[in-house]
Amino acid sequence: MTASTLTLPRQSRSGDLRLLWLGTALLALCLLSIAALSLGARATGWADIWGALTSYDPNNADHIVVRNMRLPRLIGAGLAGAALGMSGALIQAMTRNPLADPGLLGINGGAALGVVLCILVLGVTDPAEFIWVALGGGLAASVLVFLLGGGSQANPLRLILAGAAVSALFLALTRALLLVSRQTLDVYRFWVLGGFDGILPATLQSLLPFLILGALLAIIAGFGLNALMLGEDTAKGLGVRTGFTRLIAGAAIVLLCGATVAMAGPIAFAGLIVPHIARWAAGPAIGWSLAFSAVFGALLLIAADLLGRLALFGGNMQAGVMTALIGGPVLIWLVRRNGVRKL
Amino acid sequence: MIWTLRLSALSLQISRRAVLTAILLLSVLLMTALLALTLGSYPLSLADMREILTGGGTAIQQMILLDNRMPRILTALGAGAAFGLSGALFQTMMRNPLASPDVIGFNAGASCGALVAMMLTGGMVLPGAIAGALITAGVVTLLAWSRGLPPYRLILTGVGASLVLTALGDLLISRMDAQTAADMAQWLIGTLNARSWSDVALVWGSLLLLAPALIWLQFPLTRLGMADDIATGLGMALSPLRLALTGTGILLAALAVSTAGPLPFVAFAAGPIARRLIPNGRPVLLAAAASGALITLLADTASRAVPMIQLPAGVFTALIGAPVLIWLLLAQFRKGAL
C-alpha cells in the first residue's frame, strides 16, 4: 500500500472553500423557498407570506394558498430532494459506481408494483392512499436486491446487477397488470410522473420519522463509507466493520428513497445527478458530499416543482418530469465537460 | 480442450466446449421452434406439419401454419437474434453489462419516437420508433464522442438520454386520451402479434446483409473485451473499431425494435447468458444471437399460450430474462467469478 492511495480523498478542496460553497447553496435555498411561496397563479406579497406563517388567518385567501398549498408543496419537494440526494450519494459511495442510482436498487420498481396492485386489487384511486403500499413495495424490492446482492457482503457489481434484474422483473409485472385493466392504467399513468400536486401536511407528518431515521443512519454510515472507498482490504485494515457499514447504508437508502417514492412517486434522476454536482463542489469525502447532496437535492426539486407549475405545459408539468428534463442534459454536459469524478 | 483447424496458412483455435455448447444451443432452439409451431388454439402435430409443408392439409391448416405461425415464429427468432447481437456488441466492447442498448437509451428513444408519431399523426408508430431509435443512437454517440468513444462517456450519456426520453414518454402517455394510451401501452412493451412474411423478409434480409460485418468484427471484438492496452498492443486502432461496432449495434437494435417493438431485457440478458454458457467467450456473437432468439421465442410462445388475456411477449421476455439473470448472478457468485 503506497502512501498516495491512503491520502486520497480529503485534501482536494480546502474546508473554507467548501463552507463558502455550502453557505451560498443554503442562501440560494432560502431565496428559492421564498420565491416558491410567493409565486403562482395568485401572486402573494411578503406581508402575506409572513402573516400566513406566523399568524394564520383561515379566512384570508392568500393565507390559505400559502399555508395549505404552497408550504406543503415546498416542504415536500425540499425533503424529497434532500432524501434523494443523500441516498444517491450513499449508494454511489457504497457501490463505487458513479452510475448507481437509488432507482437501480429496485425501490422505484417495487413501489410502482405496489401501487398498481393497490389500484387493481383494492380499487384505490386516491394517491394519498398509495403511501403505505409504495413504501412496502419499495422496501420488499430493496430487501430482495440486498439479499441477492450478497447482503452485508454486497459487492458493487453484484448489487447493481441484482438491482437491474429485480427492477426489470417488477417493471414487467407492473406492465402486465396495467394491460389487464384500463382503469388501473388511467390512475397509474399520472402517478408515475412523480410530483407534489396536492400533497397533504398529514402525509408529510407520517413520513417524517422515516426521513429523519434515514438521515441519521446515513450520517452513521458515512463514517465507515469514507474508509470503504479506499477499498475493502484497506477499510478492514483500518478497523472498519465493512458488512455493518453496508447494512446501515442500505437501510438509510431504503428509508430515504422509499419515503420519497411514497410521497411523490418515482422521481428519476435526482439521486443520480445530485451527488455528481455535490462531489464537484465538495470533493469526494463522504460527509461533505452528503451535506452538499442534501442541499443541492432540495434546490433541484424545489426549482423543478416551481418551474413545472409556473412555466411549462401551461403550468401543468410534474416535478418528476422536470427533474428528468433538466437533469439529463446536465448529466450529459457534466460528462462532456469534466469527465466524471471517478470514485 | 482446444481444437485447432488448419487450412494452409490459416489456423483457427476453437475450444471443444464452445462448439458443443453452440450445437446444443442451436438444437434446443430448433426444437423449441418446432414445438412452438405445433402449439396453439388449433393444435397441429408434427405429421400434420410435414403434410402441410409438402402441399397437403386443409386450407385452414395451411393458413394457420404458413400465414400465421411460421412468419410469427421466424420474426421472433430474427428479432431476438438481432437484440442478442446488439447487446453482445455493446456489452463486450464496453466491458460493462450495463452498456446494453436498452440501458443506453435506444429502446427509450424508439418508444418516445413511437409516442410522438402517434401524437402528431395518429399512426405511423413504426416509422416513428425507427426514427426515434436512430436519432437517439446518433445523438448519444455524437455527444459521447471525444477522440474516440470512451465507454464511460457512452454509458453515462446514454443513461442521461434514457432518463429524459422515458420521462417524456411518461408525459406523452399522460396527455393522451385513455383509448390511445391503452393501445400504446400494448405496443410499448413489445409484441409479435400478427406478423407477416414481409416482416420475416425484413428481419432476416437485414441480418444476412449485416452478417459479413459481424463475422469480420467477431475477431477484434474478443480482444476489445480485454484491456485497452492489450488491444492497442495487438495493433488495433480502437476508435475506428469502436465506431464500426457501435454503428452495427445501432442498426441491429433498430432492426429488432422495428420488428418486435422494444422488448425489454432481451439485449440485456442474452450477452450474460451466452457468456455463462461459453466461459472463454470465443464465438460470443453466435451464442448471444442464439440466446436472444431463444428468449424471444419462449416469450412469444408463452404469450400465445396464456388464454383469455393476450399478454404481449414483452411481459414474458422480462419474466424470463430477469430470473435467468438472477440465477446467473447467483451461480457466478458461488463460483467467486464476480
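For all residues, glycine too, the Cβ spot is worked out from N, Cα and C.
Keep in mind that this is a model prediction, so the values were computed, not measured.
TrEMBL annotations:
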type	residues	note
TRANSMEM	A:71-91	transmembrane segment
TRANSMEM	A:103-124	transmembrane segment
TRANSMEM	A:130-148	transmembrane segment
TRANSMEM	A:160-181	transmembrane segment
TRANSMEM	A:211-228	transmembrane segment
TRANSMEM	A:248-273	transmembrane segment
TRANSMEM	A:285-304	transmembrane segment
TRANSMEM	A:310-335	transmembrane segment
Per Cβ pairs under 8 Å, the stretch of A:71-91, A:160-181, A:211-228, A:248-273 packing most closely against the transmembrane segment (A:310-335): A:248-273
Among the ranges A:130-148, A:160-181, A:211-228, A:285-304, the one whose Cβ pairs under 8 Å to the transmembrane segment (A:71-91) are most numerous: A:285-304
For the transmembrane segment (A:211-228), sequence-distant contacts whose Cβ falls under 8 Å of one of its Cβ atoms, 6 or more beyond its ends: 9, 79, 82-83, 86-87, 90, 93-94, 234-235, 238, 240-242, 244-246, 248-249, 251-256, 259, 285-287, 290, 294
